Every structure is written in structure tokens, then in C-alpha cells.
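Peer 1: One structure coming up, written as C-alpha cells, with questions to follow.
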Amino acid sequence: MAIAHYKRAIACDTGFLDAYNNLGNALKDAGRIEEAIHCYRQCLSLQPSNPQALTNLGNIYMEWNMMNAAAQCYKATLSVTTGLSAPFNNLAIIYKQQGNYGNAISCYNEVLRIDPIAADSLVNRGNTYKEIGRVNEAIQDYLHAIAVRPTMAEGHANLASAYKDSGRMETAIKSYKQALMLRPDFPEATCNLLHTLQCVCNWDDREKMFLEVEGILRRQIKMSVIPSVQPFHAIAYPLDPMLALEISCKYAAHCSVIASRYSLPPFRHPSPLPIKGEGRNGRLRVGYVSSDFGNHPLSHLMGSVFGMHDRGNVEVFCYALSPNDGTEWRLRIQSEAEHFLDVSSMSSDMIARLINEDQIQILINLNGYTKGARNEIFAMQPAPIQVSYMGFPGTTGAPYIHYLVTDEFVSPMQYSLIYSEKLVHLPHCYFVNDYKQKNRDVLDPNCQHKRSDYGLPEDKFIFACFNQLYKMDPEIFITWCNILKRVPNSALWLLRFPAAGEMRLRAYAAAQGVQPDQIIFTDVAMKQEHIQRSALADLFLDTPLCNAHTTGTDILWAGLPMVTLPLEKMATRVAGSLCLATGVGEEMIASSMKEYEEKAVSLALNRRKLQDLTNRLKAARLTCPLFDTARWVRNLERSYFKMWNLHCSGRTIEGFALSRILGHPSLRPADHEDQSGLRDTLKYLGANAE
């Protein structure tokens, strides 16, 4: 009826601008999009600067993910009038999606100039502030939005997230519960509440909540909705590995949608000409993309890697997604990498273009699904071979990520179905570290700390776990309590990581019959001190659901043995790989929770056996594969050449184990390479094959 009415109005007056706009809106509502676009364009042919038609046309382009065209329409509108909030709001959404946070905030400021109590825009600006780390400003925007609209569940949930990021865990939990009281069917709030409860070891309703969250996830995946549990959280949850894969797949697909908004044509890649290595036929161009070039565990672990690459064979490009933090870690990588580019102020499409213009042949994603990632860059496929490594211990689920660099223990072939990528198995251990270059002071007996420095009892056997508290679960904590009760005069040393978990863990321990003085908490220390003081403990107890990764290398370098229990997912097997790569690791790996408990008790009660293990671990630090960064870099380069030459051969992408092809002339092992860690790994896998 409305469509016919507007058509009659136009027939009576072909210059009736409002009728064209209204007809376009009616046609759009009826799903007749092409006709709607024609109406808006008719209006613009009569008045090229008509703000309503420009905005309406922009809205259609935005719905079609034609973001550049939509942005042009909104900008044209704002060149005519700055009194409309909708173009500013939509332009802000586009800028934020494209990573242009400064312009997004400026646009939200304009929306709030026009309408100071626009609650949705307050929340959206808060979200933008939060994404760039300006958490206090985000909190103020969320509080303002809630004051305007107290029943706004999204405002309470986003406020909770900001409180969590600022370390105010209990306040965050209250805000999530308020959001769920206002909107009981709120999957994001439910899932984020669970994660926050995990962070503070609040396990009261854990089993019930995990069942609820798993149901939410399966429904969302079935409905092709982005899951409310992030892939990085999923790796630490007791979820079926195939469900974790599906979660990653959905996030990868969402990154492809984001990439499509830039409307880029497919990139032309470098010609697939074989490179034989050792300077013949040119060098392999390898790009590393990360938001963690700075004071971050990734840079602590990989600081020397970028400068250690053989410049005769490999040309290295580092693309920094974060601005310079001024730390020694950033400055070191910046000075040692052959090419270091700060692309933090560039949009994702500009970064992808730059990578392609640099003719990168192998592009490494060092983030995965971690904070600061811009995976849409990889979804644009600026390089012919794209690889996931180090930042995310799990599958990306992304068809545009071809390989995952891992090892035979962490990702054995019998578990290959839980990965979307082809597996590249490095010898020994995939997890690199930089201790031999940066932390040799730990080996100096004159630099040792004393237990009294931290209020640790001199006469007790001290078990330790320095993992973040979210990695713990009731089963492992009960096992630890059993160990404490079986080992006389023992204590468990934990970190306030975060502090909000201490009270609950003390209460749980007391309920298990553990004495108060058997649980010791200390604050998180700076990196150097943390590694040095780790040696004050007698035995490290790992968390099976999500292992010690960086922390695992820290304590092994300090000469502290551990007990670990590998499961199926990648994040549950890293500590075992670290142990095996020391050459003495088989004694540290359990095959069941019962064996885990027995190993810990046995080592604690047999001090001679534990001292022998500790001595062998300390003696191996300068010779074992785990801490040999230079050897690790050579092996990584060999895997890159294998990937590239497979690509050049035109064969289907396939996984490979580098240790099985080291006889190839271009993949020769380093002189006198110690194979003890590799032998331990293969021996362990053979003995424990399914």
C-alpha cells in the first residue's frame, strides 16, 4: 500500500524528494533492495547533497558489507550537515571495525554532542575505549549509559568486562549478575561470568555453569552464530576438542567477514620459484605479525629469534600491530630484525597491502586469538603461505592459515583431526625461549634468593604452581591437597594471580583438611626475579587443563623439576614437551591423575631421587635442545624452506615432521646437534601410542 502511495506521489510531482526517499525505505523494508537503491539515486540526481538519501544509501551499503562505499555516503552527508547523529554513529562503527579507533571515538563524540544521553552511543564509545586499553574512560561511559538507562543489560555486562580488565573481579561478578537479572537469556554475560568466576577460583556452581555454557555453544554453532566463548578461553575449559575446533572455525569465519568489508581484490602472490637455501636462488621472505613486540611474554621468549635468522637465506620482516612501548624488549627486536615496521596506526587493509607489496612468501601469525590480534589481515591472504605459531596454543580453525608449527608430543598425529591446519612438527619442542641469551644470571650461584626473602619456611618441602589461577580446577586442587596431606611438613606456594582468588583457595584447602600454614601466597614478581626465586621451591605442580607454557620454561631454566599430566588439546601438552626437550623429562610426565599424585609424593619423599633429577636438569640447561635458541631457529628456517618448496611443486599442502627429512641437503642438521631431547620425545610417544 505504501509503495503504491509513494509512486502515485512521484507521478504527480517528479521532483518530490521526500517521496523518493520514502519509497526507497518502503522498498528496502520489502526486500526489494535494487529498486530502493534506484530510488535513492533518483533523489540524488535531483539533489546530489540530499542528506537523507545519502544516509539511506549508506545504510544499504553497510548492510551489504560494502564499508568503503557506505563510508563515502556518510562523509558526503556530513559535508552537508553535522546535525544528524546517524551518519556519525554508522561511520564510527565502520572506523572501529577497520581498526581506526581514533576516528571512531571522534565520531562517537559528535553523536554525543548532538544527543548527550544516547545510551547506545555511550556504550559503543566505551567499547572503543576498552579495546585500546583506556579502561577507566570505558567504565565512565558505561556508568553514564546505565545512569541514563538502568535496565540496559548490555551496559552492565560491558561494565563488568571493564571491571575485570582493571582487576576488580568481585565488582565484575556483581555487574555480570545484574546483567543476567535484567536479561536472563544473555549468552555473552553467562559465558563471561563463568570465565570471571574461573579467574578467582569460584567453583561453587562450576559443573552446572559449564553444562549451561556448553549448551549455549552447541546451539550457537548450529545457528552459525559467533560463539560467546572466545577461542582463547576455550583452550582452558574442559570442552570436547572438536567443540573447541568449531569455536575457532566460527571466529575464523567472522574474520573473513571483517576482511570482506574492505572490498579488496585478491592479491597477486610472489611467483612460486623454488629457493634451495644457503643463498642460492635468492632469499626466502618471511613476515612476522604481532601486537606483542614489547614487554610481553612473547617478546621475552622470542627476543633473539628475529635477529638470529640467517640473512644469507632468510629476509625477515616484523610488522608491529602495537605502538612502541619504549621497553628494552621492543627496542631489541626493532634493532635486530632486518626490517621492522610499526603498522599500529594503519588500517588492516593497508597492512595487508604493505605485506603483499613486500612480497612476503611466508607470513607468521604470532597472535592467533589473543589480545591485540588483527586476524582479518590473514583472512585477506596477502601471502601465499600463512602459518600460526607461538601466540595461540590451539587451532585457528581458519582455512587461510595453512600450517601450525608444533611438535610431535604437543600435537601427535593421532589428534590431527582437532586441527584445521596441517601440522609441522619441529624436532624436540616447538616452544622457543631466550634464556640462554638473556637470563644467564640465573646460573650464577651468587645471584640466588633466599626463602626468608619471601617468608617461605626453611624447613618445609615446598611444592609450587606459578600459573594464573584460571588454569586451576577442583580436581587438580583436590589432588594437590591430597599430596600435601601425604607429604609431612610440606607446603604449596601459589601466586596472587589474581589476588581475589586467595581467600577461596584457602577455604577450599581447609575444607580438604589442609592446615592454613601449608598454603602460601606471594605477589607476582618482575620477570627476572620470578625466574630466580622459582628455584626456592622443591617441585613444580602443573595444571593439566591448561599447562604452564612460559612459566614452564621459566621454572625449568631455574632448575626446578615439575610433574605434569598431558591430555588431548595442545594447551594441555606443552609442559610435557618442555620436559622431554630437557633430555630428562620422562620422569616428570604422568599418564593419569593418580600417577600424577603418586609421582609428586614419591619425589617429595625420596629426596635423593629428586635431588638427582634436579642436578641432571640443571646440568642439561646449557646443552639440551630446549634452551638452544640458535638450533631452534635453524630448524624453523628448514621448515620454512620445506613449506615454500612444497608450494612451488604445486602439490597439495601437507604436514611434515622435520626430524624425518633432516637428511635433505638443504635441511642439514647443525654440526654435533644433540638429539637427546628428540630421542626422549619419540621414545615417549612410542611407549604411549594409542
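Cβ atoms here come from the backbone N, Cα and C positions, even for glycine.
Note that this is a predicted model, so its numbers are computed, not measured.
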Peer 1: Could you tell me which of the ranges 97-127, 345-375, 593-623 is annotated in TrEMBL as coiled coil?
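Peer 2: The range carrying the coiled coil annotation in TrEMBL is 593-623.
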Peer 1: Mind checking which residues reach the repeat 'TPR' (119-152)? Cβ under 8 Å, same chain, six or more beyond either end.
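Peer 2: Long-range Cβ neighbours of the repeat 'TPR' (119-152): 85, 89, 92-93, 96, 101, 104-105, 108-109, 111-112, 158-159, 161-163, 165-166, 182.
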Peer 1: Per DSSP, what is the residue count of the repeat 'TPR' (153-186) in each of helix, strand and coil?
Peer 2: 27 helix, 0 strand, 7 coil
Peer 1: Counting by DSSP, what is the helix, strand and coil composition of the repeat 'TPR' (17-50)?
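Peer 2: DSSP classes over the repeat 'TPR' (17-50) add up to 27 helix, 0 strand, 7 coil.
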